[in-house]
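Worksheet: the structure to be examined is printed underneath.
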């Protein structure tokens, strides 16, 4: 009715177009009527203009609110081309494989999970410690690993990111079956050797043409580079998904955990500083005179995972990513030790005197075997450092020699891809994974 009121004079004017002019005597009648009619028409036109302006204003506000609400709930879904001013080596990348632009994440799944779970994550506050689990195809190992989390103090709302090295239907199905029980996000490594068995980043015979070999003089071998490519992609992706976390725990499918795994990590997290690399959950092999019956926190030198990495360590690693990506060792742990030796990242980790993890690979999982015959993982509750930490660290450092590269990662193509993932993939992913 309001619009009809304002539109009526316009419609009356429109209806007059093309009609014959009234007789002169009608025009020459009372002079007050035409002037009043003109004023009325102008008044209605002004009202119409105001109505159009107000309607347009409110429509614009509604449109902008719809965009903002979509971005807040789901994250901006637009993937823009990145303008980084050059490639990893300071020059423009002109040979980017289209496969390298493909995301290994089901966006709809991600949105659904985070819409449902983000409020649960918020309730953890500073106690959040996302678990990042790198898996392949060993579903039986992963089932045992998850079973140990069920019987531990691990809160169901704490985030878990499962990164499958490629597309493994059986593993994907099992992970999805856990969604109602845990706060799980599932991603697939898009550059896996499994999905690319006969082309880069898998094995590609053409890459050995004119290649002089790695440190040991060996050609680029099938399957050798897979784990390091997966690790750097999953690690970079994890920090992009959980930018609010100060510590991420990186583990694999073939570890089981003690009943106090979460509480131990939480206690260690509160002791971490920028001078620490992170937290490991068992004493390193270089550890000296460990009393395994005494509950204490100790400091030592990083050797291998699983490891909870402090955000400051990750930032230092990215700042010197060339040293990681170009180090000729196919094991990511050895590459991190190289950075530690170079003084790029801290070498000190903190660890409990009681093992909080066990490697299932060391146990026989064949049917009929008793895999629980070993001593059960013990509960750990200490929140204090041992008083002899400084002397212990000096002695443990004295037992560490300079790392020797074991090869398997000498090809420039692997270096370039690693740098690309670390420097660029995350910038694209941030647009997708943002939840604020």
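These residue numbers are counts, starting from 1, taken along the chain as shown.
Each Cβ is built from the backbone N, Cα and C atoms, and glycine gets one as well.
TrEMBL assigns the feature transmembrane segment to one of the listed ranges (21-44, 45-68), namely 45-68. Spacing of residue 165 (substrate binding site) relative to residue 325 (disulfide bond) is 19 Å (Cα to Cα, whole number). Residue 325 (disulfide bond) sits 27 Å from residue 359 (Mn(2+) binding site), taking the C-alpha atoms as the reference points. Ranking the disulfide-bonded residues 325, 418 by C-beta neighbours within 10 Å puts 418 at the top. Looking only at the binding-site residues 165, 254, the densest Cβ neighbourhood within 10 Å occurs at 165.
Residue 359 (Mn(2+) binding site) sits 28 Å from residue 418 (disulfide bond), counting Cα to Cα.
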